[in-house]
Structure formats: structure tokens, C-alpha cells
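Read through the structure below, which is laid out as C-alpha cells, and then see the notes.
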Amino acid sequence: MIKLGSHVPFKSPNYLLESAETSLQNNANCMMIYLGPPQNSKRISTDKYHLDEYLRKYSSKIAVEDIVIHAPYIINLANPEKRKFSTTFAIQEIKRANFIGAKYFVIHPGAFTSFTKQEGLNTLIDNLKLILNETENVVICIETMSGKGSEICTNFEDIMYVINSLNSHRIKICLDTCHIWDAGYDIKNTIEFMNYLKSNAILPHIAVIHLNDSLNEKGSHKDRHANIGKGLIGTETLKFYVHCPEFRNIPIILETPLVDGKMIYKEEIASLLSK
């Protein structure tokens, strides 16, 4: 089954109920939300989520395990100086995801800032160990990054180093098509790229996909999303990954820009599902 949806708002007054309604209006069967503003730590009580109403009205159309939760941008799990805040807040967010019943929690792995890349990777590993020990069930998906500044996990070797170090079924990969293109991977050569994922034992670890076009050239390290077919990756390449048998039953999430102040996810989903 193809699971295709988008990032949708999670906001007052109806929160989860409205998120599901918006997704269904876009003909989506999965969705991604932030549990509050991604730029700050302000959060609402879980009793305001309208979870029971969502479960009663919409869980047969968008299953609870197909709700992806994205961590806020304010946590930096690769910076030793941010350890206490980042781990504490990530644990709290995962417990909120547990309340919903969500399966996947996507994180940006962070930036090493004034430290070395290896120190950043080791800090991420130590922090994820702590988070795993303090939480349960939810699968933490490390997002592939484009390589801006001192970001870590801008290549699969680094992500697999983290995964192999932790050796946990609760650590997976969120593959972002814009990010890996901007990081230098030629995903337009679809067969070669899929063979790379298979031959390096990366494919089994991919649990979520962020499907975005890119405004920039391959290897630009800029991370600027484009609407489907309006960037340098192109509709046909992105459609290949949507219909790829290896990615069946994996939530594929659009994070494309607004057009004239409006979401066009419904049109993009229709385009991607068409033969």
C-alpha cells in the first residue's frame, strides 16, 4: 500500500481532529505534525488533543501509527552543551507521541558547532541512548541532512555509524529527498541509488520518507525545498520513489512550500499517485 501525506497544522481549537480532516481533504492516508511551534518549547496539555474524537471519526482512514511526529528544531542532540535541554525535551515529546499512539518520531540529528564532527556523532549516540532508556515503543527516525554549516548525518555512512553503535530496533532513518540531493546523492539515477541503498544494507532502516523537490543543484548543501516538479529533482524521479515497491507501507510525507499562501498538497498528491 502506498502511504502518502504531508505535514499539516496541529493547532487550536481542534488539534488532531483538524489535522486529520485537512489530510483527508488532501486525499492523504498518513500525515506529519509538530506537537507545538517547532521554534520553541511551548506545548499544550494532551487532554486538548481531541484524540478520542480523531480515533472515533478518522482512525480507520488515517491509522494512528501513520501519524508521524516531528521534533522541534530547537533541540540539538549533537551539541554537548545542549545535552540536558535537548534530551529532556525530546523525552517529553516522545511521551506525548506515546499518548497519541504515533509510531515514528523524526529528529534532526543536530550540529556539532564548536566541537568536532566525531564529538557531535558521539554526543548524538550518547543522547539517543539516554532517550531510548527513558521512553518506549516510539521509533526515532534520524533525518538525512543537506550539510548546512556543521550539521551531522549528511551522509549515510555517518547515519549508519549511529545506527550500528546503538543497535536498537527503535532507531531508523527518515530519508529526505531534497536533503540528500543537496548533500550530493544523485537520486535522479534511481536504479543506481536504490542499488546503493540495498548493497550497503541501508534500505531496511528507512522508516519514513520526506518527499520534496529541491531549488538547488545536487551537492549545494543549501536545503531549500521546492514544490513537486518545480525543482531540479523533478516529478518523474519523485514519483518513482512513491511507487517503488521497497517503500510500500512507509509513510511518505510532503513538506513543500505554500503557493500564494496556500497548501497545494492535494494537487501534488494527485500528481504523484497518477500513472
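Glycine is no exception: its Cβ is also placed from the backbone N, Cα and C atoms.
Given the structure is predicted, the values throughout are model-derived calculations rather than measurements.
The local packing around His70 (Zn(2+) 1 binding site), expressed as other Cβ atoms within 10 Å of its Cβ over all shown chains, amounts to 25. If you look up TrEMBL, you'll see His70, His108, Glu143 marked as Zn(2+) 1 binding site.
Taken from TrEMBL, the feature Zn(2+) 2 binding site covers Glu143, Asp176, His210, Glu255. Less than 8 angstroms from the CB of Glu143 (Zn(2+) 1 binding site) sit Val106, Ile107, His108, Pro109, Cys153, Ile173, Cys174, Asp176, His179, His210, each of them six or more residues away in the same chain.
The DSSP secondary structure for His179 (Zn(2+) 3 binding site) is helix. The Zn(2+) 3 binding site feature in TrEMBL is assigned to His179, Asp223, His225.
For 28-272, the entry in TrEMBL reads domain 'Xylose isomerase-like TIM barrel'. On the 0 to 100 pLDDT scale, the model's mean across the domain 'Xylose isomerase-like TIM barrel' (28-272) is 98.
Each of Ala71, Tyr73, Val106, Ile107, Cys141, Cys174 belongs to the same chain as His70, His108, Glu143, is absent from that list, and has a C-beta within 8 angstroms of the C-beta centroid marking the Zn(2+) 1 site.
Note: the CA-CA distance between Asp223 (Zn(2+) 3 binding site) and His70 (Zn(2+) 1 binding site) rounds to 17 Å.
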